[in-house]
Structures are given as C-alpha cells and as structure tokens.
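A quick write-up on the structure given underneath.
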Amino acid sequence: MMPQLRDSGNHSTAPLDGRTRGEVDAFIRIFGIETEYGVSVTGADAPCDAGQTAMMMFQPIVAQARSTNTYIENGSRLYLDVGSHPEYATAEARDPMDALALDAAGELVMRDLAMDTQHRLREGHGRRAIVHVFKNNADSAGHSFGCHENYLVRRFVPLETIEHELLPFLITRQIFTGAGRVGGQGFQITQRADFLDEAVSSATTRSRPMVNTRDEPHADPDAFRRLHVIIGDSNRSQWATMMKLATTHLVLCVIEQAGREGRESGFARFAFADPGAANHAVSRDASGVGAVFDMADGDVIRGGAVAVQERYLAAVERFVEDHPEVGASLPRTDVHDVIAQWHEALEAFRSGDVDALADRVDWVCKKRLFDALQARTGHLPASRLEQLDMDYHDVANGTVYASLCRRGGMRTLLGRDAADRAVHMPPDDTRAALRGRFVREAKAKGARYSCDWTRLTLMSPHHSEMVLLDPFDFEESERFRQMMDMLA
C-alpha cells in the first residue's frame, strides 16, 4: 500500500499578487541539484577517517564563515551533511543548462577543497596520501548517499498526482540517466535501486524514499511547492544531467496543465503496482526492453523501461505541439532538441544498439569500458572493476572520466571556462543573483553575515535583513540597495 500524503498546512488562502499569479500561470520553473559527496584517503602512512577528512576539507570554510554551513559567491550552498558527507546544493536556476553549469562548478569547488586537504594531510600522513572525493551514490561498504533534484511545482498539483503520475517516469528514465554500479549482484544501471525502500515519504534520513514530500517550497507557499526527487544518480555525464532535468520539466508541464484545466493528464495509467519492484527491475535490465511491469490498474506493460518512456515521450511531444509557449519556459535549452535526443536515446535501446549511447550515458560508458577491459585481459577481478568504477566518479584525483572526455569518449556540453565562471557567478535571472552579490560584497568587506534560500542578514558593521521569497525575482529592490550601501 502506498503511503498517504498530506500537505503541511502552512499556507493560507490569501489571493496571489499579480507577479506571482503570472509565474503560476506560466510554464517557467526553478531547478536545483543537491549532491552528497563521498570521501576517502588512500596511500597514507596511517588510517584517515572519512569524517575527519571531510572536516579538514571544511576547515577553510569554518575559518571564514564560522560554520560548516555556508553560501558561496555563486549563490549555492556548501555544507557538511549527515555522516560527514560534503554536500553542495546549486543555486536556483531557470534553465537546465544553468543548473548544469552550477553542478559542474560544485565539482571544482570540491576538488579545490580536496587538494588543499591533501596538501595538509601529506605533512603528517606521508607524501603519498591521496584524497578522493566521489560524486557517486554508494561506497564499497554498502553505504548510500544521494543526489537530489529540486523542481518548483504549482501548489494546485496534488501530491497524490505527483506520486502516481510522475514516479513511473522517474523510475524508467534511469535507462538514460543511471550512473551504473559494479556490485555483489553484478552490474546494475543505477546506483540507488538497492537502497530506496519507499515510493514517497516526508523523511530522507529515517527512510529512503524515491520522492520526498516535506513542504518546504522556499517560495510563496500559497503558490508553489518544492518537489524533492530522491530517485536519481549522481551523474558525471553532462548530457545526462541536462536531460534528466529537461525531460522531467516537460512531464511536469503536462501534469500542471492538466491541473489547471481540471482534467486528467493520462499519466495515471502508468502507475506501477509496486514501484520498488519496478525500480529493481529497471536497474537490472541493461537491455532497457526486457522488464515486465505489473501496473496499478491490473494491466501489464511489456517492453521494459523503454515502453513506458515511449508513452511519456509521445504525450510530451503532443503537448509541446499544442502548447508552443512551453518552448519559452527554458531560456537556454531548446525543448525540441530535448525531445529529439529523447527519441534518439530510446531508439538506441529499441534497436539494440545501446553502445551508441556510450558517449553520453554514464552506465553505458562504464559498462562498455569494463567489457572491453575484460575482453582484452581475459578476466579482471571484481575488486579491480570496483576500483575503476570509483575512479570514474572521483572529482579530485580520478583519471578515467577525464581521459574519456579528452579522447571524445564522453561528450561535454560545457567547457571548463563555463564551469570556472559558475564557481563565482550565479545565474542572472533568479534571486541567486542577489544572494551571490550580497555574499561577494560581504566577504570582500569582511562583514559578518548569514543567509539562507529566502533571507539575507547583515550582522556587522550594521544590522539589516531582507526576505527574498520569490525565486524568479532578480531585480534589486530599494531594500537590497540599502543593504549594499551599508557594505560600501
């Protein structure tokens, strides 16, 4: 039985102002990615605890911000999560490409912290100590950590609708967004399937749901809710990161428009009888077409994840044709190109040419590499495959992924310059622009300050505070200019 969902009741029935009403009526969206990183040290003269190493990584942060929880110049959040996992949450983005740039910036931030820590570790633990920072979702000890996506959705979409209509899409999209994993049960196309135990929940630490329903919109609670997607892997592939955000956005547009018009979207018939079983089946079906799904309405869908994805894609394609204004919802991503690439990916599975996706899908790339090495050597121990798997995800000292990119084995959508720029510059069309400027100026002046997603607080040399409730609003208000003047 699926868990019952409830709103938190923290919103009123007050009428929305004109600007917010326009945002609700449009197809625009806010995107964000939260990534928990794994940490380990090899080559040291004495054992180095992962938690202590993570704390060492954050020593420069604590020295400057007096906390392991801070916001940086690009508007993103940097902090130590439960279990001493360094975590980076991207600033608000209006477009998947902006979210991708911020995500790539997070890799660079983590790499810099790791290399600084490595330099300091070698002074006391030997010159061969190496700090590894893994952008993946499972370690060799069986611990899991997450990559969570955030989507701002309209309040009028019931939580039950999200559960029944979006979850089958999220489960089956993993054929092109999965990062892949070598484990005790062989190769799986996802990293998280063995660790997710519920479909929907309001907790992420006590349980491991696929979708989290805590009502923390970080926006006007009368107008929006924040969809917190747990089911998803940490991607090295830039294409996979862009596609998971863009395709999910388009499916949400269909669901939201049906809600506006008071009708069914048609996606309810794709609900699985057992989402957990479906998730495991997808993860173990590298063909993409072999799994068989029992549906909640008693029907059976054959043809694997591809068959379900084709149904979603057909509905999205019709919707975009009928609502051309959806194209304007993403300022830097062409929705027609997204649809074309979605088609191309599914056709590769349908035709049996899965290797054609090795230059853009993480799990396909890794599996082809591992299969080639096995064929060349005759046999590689499982421990060596696991080592290569981890190296692929090591943003600090890994060589496998970087080598693939250099040789054209993995396509990139952004250059290093764009990632470098995103380390310091937030998107200019969300409130992150204001937060980023505030943080930059406060740090430059040595002022004491704090902030969160919706609030800026200046504590010295003067005290001032302001609320930034609208994530789409990047315009400098009189209040904001006054705060900047206090820092001048």
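A Cβ is built for glycine as well, from the same backbone N, Cα and C atoms used for every other residue.
Residues annotated as Mg(2+) binding site in Swiss-Prot, with sequence analysis given as evidence: E34, Y79, E87. For R77, T90, W453, the entry in Swiss-Prot reads ATP binding site, with the evidence type sequence analysis. The feature active site, proton acceptor is assigned by Swiss-Prot to D81, with sequence analysis given as support.
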#### Entry: Residues close to ATP site centre defined by R77, T90, W453, Cβ within 8 Å
G32, E34, Y71, G75, S76, A89, A91, E92, A432
### Query
Expressed to the nearest Å, what is the distance separating E87 (Mg(2+) binding site) and D81 (active site, proton acceptor) at their Cα atoms?
6
### Task
Would you mind checking how many other C-beta atoms are within 10 angstroms of the C-beta on W453 (ATP binding site)?
22
### Task
Can you check which residues sit near R77 (ATP binding site), meaning Cβ under 8 Å from its Cβ, same chain, 6 or more apart in sequence, and list them in order?
N69, T70, Y71, E87, Y88, A89, A91, W453
### Query
Taking only the recorded positions E34, Y79, D81, which one has a CA atom nearest to the CA atom of T90 (ATP binding site)?
E34
### Query
Which ones in the same chain are close to Y79 (Mg(2+) binding site), with CB under 8 Å and 6+ residues apart in sequence?
T68, N69, T70, P86, E87, A89
#### Entry: Cα distance (Å, whole number) from E34 (Mg(2+) binding site) to D81 (active site, proton acceptor)
11
### Summary
CB contacts under 8 angstroms to E34 (Mg(2+) binding site), restricted to the same chain and 6+ apart in sequence, sorted by sequence, are E87, Y88, A89, T90, G146, C147, H148, E149, N150
### Query
Over all shown protein chains, what is the count of other CB atoms within 10 A of the CB belonging to the residue listed as 'active site, proton acceptor'?
20
